[in-house]
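Undergrad: Handing you this structure, nothing more for now.
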Amino acid sequence: MTHFPNLFSEGRIGNLVIRNRIVMPPMATNLANEDGSVSQRLIDYYVARARGGVGLIILENVQVDYPQGKNVACQLRLDDDKYMAGFFELAEAVHSYGAKIFMQIHHAGRQTTPGITEGLQPVAPSPVPCSFLGTQPRELTINEIEEIIQKFVDAAVRAKGAMFDGIELHGAHGYLIGQFMSPRTNRRVDKYGGSFERRMRFPLEIIRRIKEAVGEDYPISFRFSADEFVEGGNTLEEGKQIAKMLEEAGVHVLHVSAGIYESMPTLLEPSRFEQGWRVYLAEEIKKVVNIPVITVGVIREPEFAEKIIAEGRADFVAVGRGLIADPEWPKKAKEGRQNEIRKCISCNIGCIGGRVFQNLRLRCTVNPVAGREGVYSEIKQAPVKKKVVVVGGGPAGMQAAITAAKRGHQVILYEKKQHLGGQLEIASASPGKAKIKWFRDWLEAELSRAGVEVRSGVTADAETIAALSPDYVILATGSEPVTPRIKGAEKENTFVFQAWDVLAGKVSFDKDEEVVVIGGGLVGCETAHYLAEKGAKVTIVEMLSDIAIDMEPISRFDMMQQFTKLGISARTGKVVTEILPRGVAAVGKEGKQDFIRAHKVVLAIGQSPVGNELKKTLEDKGIDVRVIGDAYNVGKIIDAVSSGFQVAWQI
């Protein structure tokens with residue numbers, strides 16, 4: 001029996017038959033070789049998703065104009081025939097597992113920086129700066145526009161020659177094609193700008209000439225932002241007009257997205273966005289066209305995806321970050337094992353934050369194998385079965401226990417609390433972070449599936465552990481909040497609290513109560529957000545020049561917008577010198593004194609590792625001890641999970 005019959009029914013794009021309605025949308029990975037060629041690491045990554053049962057893979061954005069059109073550090077290239085062999089190998093590998101593959105061809109336009117384009121000034125239809133990146137583009141000449149059109153055509157011809165099943169034109173998210181279509185970014189007065197029809201000339205000319213070059217029947221997908229969610233940009237009404245014109249031009253499928261860089265959270269949603277919030281856009285577009293429509297946007301559960309198809313709101317569902325988190329999402333859903341799916345929590349840390357803003361290779365908080373599928377293609381059994389004791393039931397400890405058990409070891413996990421989760425429990429209490437509970441629940445269920453013996457509500461001291469005669473002990477004892485050396489921060493003060501206790505619901509606050517949060521890092525800002533949503537008047541005091549600098553940038557961008565709405569204020573560049581019953585005293589860089597009124601004060605100064613004494617005692621007993629997660633080095637969930645996986649893999 002096939003579960004989710006609509007989701008797993010065959011779909012059709014033009015004459016191309018696709019085995020189900022699940023699409024992996026294009027998502028940049030930085031897994032290409034530095035010269036823009038296809039790497040084995042990239043092939044392994046896509047093969048894992050094809051093997052996992054996805055119907056159609058749309059390859060991440062491939063630049064047609066190097067380096068002018070480049071927008072990420074290790075971006076694929078197809079501006080020369082020499083790159084075709086790698087793409088052919090990729091397509092062949094994906095096809096061997098029954099999936100189809102399209103290539104998204106792309107030009108960044110103004111949404112890039114000289115640091116990426118090897119010093120070249122970004123180009124655009126008009127010299128409208130990108131405020132998100134702080135870049136000033138120059139206006140393209142008519143001759144340059146004609147040259148870029150030809151480069152799109154050449155890339156499409158090469159894609160077909162490399163055995164790709166179709167192409168996708170990236171007209172969404174404010175890149176060059178979208179810039180021509182939008183009145184916000186296209187202020188030309190020649191044949192490529194002005195009226196709606198002239199703004200559409202650039203994409204329509206690309207489509208016309210591609211069809212002439214590759215044939216009428218070669219599938220073309222067009223991705224566009226049905227609503228740019230920014231002042232002066234295209235709205236859904238313009239999106240409907242765009243869709244009609246694209247259908248008339250011979251496009252075979254519409255991939256309906258949203259947003260541009262200036263409205264970044266609408267295209268790369270942080271965790272507060274609800275599942276499927278963008279589906280209504282595809283639904284409205286579908287009403288005005290007769291070609292298939294792909295919807296996208298925080299689609300995490302097969303039950304939700306099934307309903308979209310069953311209700312006719314879209315013809316295909318794009319599962320993006322969900323397939324990074326779990327390449328077997330389709331396979332598990334089809335087999336009725338949807339409860340085993342490791343769902344994306346929309347943290348954006350490894351797939352977007354580190355990749356886009358630090359030029360790192362793709363990673364995933366919940367999937368430590370993402371981007372390294374060739375190395376960890378399968379959990380290999382250890383040559384000798386060992387007894388492994390894990391101390392600590394947070395994300396690092398649970399991941400370590402799961403990995404060690406899957407490698408064939410006997411694993412016992414100790415957690416001093418009655419329930420598992422560690423800091424995941426606290427993190428999920430922050431506004432918009434409820435998805436973190438998905439991961440906590442998955443880890444707990446996976447412990448059971450892996451056969452880990454869990455002993456919760458037990459404090460594992462050295463004697464208890466030694467009595468088990470373990471071969472290895474993995475310490476995942478986490479961290480604890482730091483109490484600063486500030487006068488008045490003493491624990492006996494009844495108006496001073498730790499941020500963790502606030503997020504854990506251990507402290508009550510009255511509406512309109514004035515609260516000062518000392519520390520403007522991630523924990524401090526999330527605590528301030530939590531309190532403000534409960535009606536408190538919150539001020540953050542931070543010694544650095546800005547707040548939330550340790551946050552993933554898109555989530556930070558979104559949070560700052562929420563702070564403005566909630567009236568949260570920040571005093572930066574100030575050091576708190578004393579906590580008093582009616583507020584806090586602080587001093588600025590130039591020695592200027594300040595006093596911020598408060599009924600209650602919350603400490604969010606940071607954390608320090610826990611477990612050093614236990615480690616030393618165990619080692620003195622001759623036990624092999626490995627330390628992971630915050631107990632080793634305080635970091636984010638992604639660091640904890642990765643360290644747990646790596647240490648367990650090596651045992």
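Note that Cβ sites are derived from N, Cα and C of the backbone, with glycine treated the same way.
Annotation source Swiss-Prot lists FMN binding site at GLN104, ARG223, GLY320, ARG321, citing similarity to another entry. Per Swiss-Prot, the feature active site, proton donor maps to TYR175. Per Swiss-Prot, [4Fe-4S] cluster binding site is recorded for CYS344, CYS347, CYS351, CYS364. The FAD binding site annotation in Swiss-Prot covers ALA396, GLU415, GLN423, LYS433, ALA460 and is backed by similarity to another entry.
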Undergrad: Looking at the recorded positions TYR175, GLY320, CYS347, CYS351, which ones sit with their CA no more than 10 Å from the CA of LYS433 (FAD binding site)?
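TA: Neighbours among recorded positions, in sequence order: CYS347.
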Undergrad: Near CYS344 ([4Fe-4S] cluster binding site), meaning Cα within 10 Å, which of GLN104, ARG223, GLY320, ARG321, ALA460 (binding-site residues)?
TA: GLY320, ARG321
Undergrad: What other residues of the same chain, not counting CYS344, CYS347, CYS351, CYS364, have a CB atom within 8 A of the CB centroid of the [4Fe-4S] cluster site?
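TA: Leaving out the recorded residues gives ARG321, ILE324, ALA325, ILE345, SER346, ASN348, ILE349, GLY350, ILE352, THR365, VAL366, ASN367, ALA370.
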Undergrad: Which one is it: of the binding-site residues CYS347, GLU415, ALA460, whose Cα lies the shortest distance from the Cα of GLN104 (FMN binding site)?
TA: CYS347
Undergrad: Just checking: which of ARG223, ARG321, ALA396, GLU415, GLN423, ALA460 have a Cα that is within 10 Å of the Cα of CYS351 ([4Fe-4S] cluster binding site), counting only these binding-site residues?
TA: ARG321
Undergrad: Which ones in the same chain are close to ALA396 (FAD binding site), with CB under 8 Å and 6+ residues apart in sequence?
TA: GLY422, ALA476, GLY478, ILE628, GLY629, ASP630, ALA631, ALA640, VAL641, SER643, GLY644
Undergrad: Using a 10 Å radius around its CB, how many other CB atoms surround ALA460 (FAD binding site)?
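TA: Total other Cβ atoms inside 10 Å, all chains included: 22.
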Undergrad: Just checking a number: largest C-alpha distance across ALA396, GLU415, GLN423, LYS433, ALA460 for the FAD site, rounded to a whole Å.
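TA: Per the listed residues, the maximum Cα distance equals 30 Å.
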Undergrad: At the Cα level, what's the spacing in Å between ARG223 (FMN binding site) and CYS364 ([4Fe-4S] cluster binding site), rounded?
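TA: Between the alpha carbons of ARG223 (FMN binding site) and CYS364 ([4Fe-4S] cluster binding site) there are 25 Å.
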Undergrad: For the binding-site residues CYS351, CYS364, which Cβ has the most other Cβ atoms within 10 Å, all shown protein chains included?
TA: CYS351
Undergrad: Out of these binding-site residues, CYS344, CYS347, which one has the fewest other C-beta atoms within 10 Å of its own C-beta?
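TA: Ranked by other Cβ atoms within 10 Å, the binding-site residues CYS344, CYS347 bottom out at CYS347.
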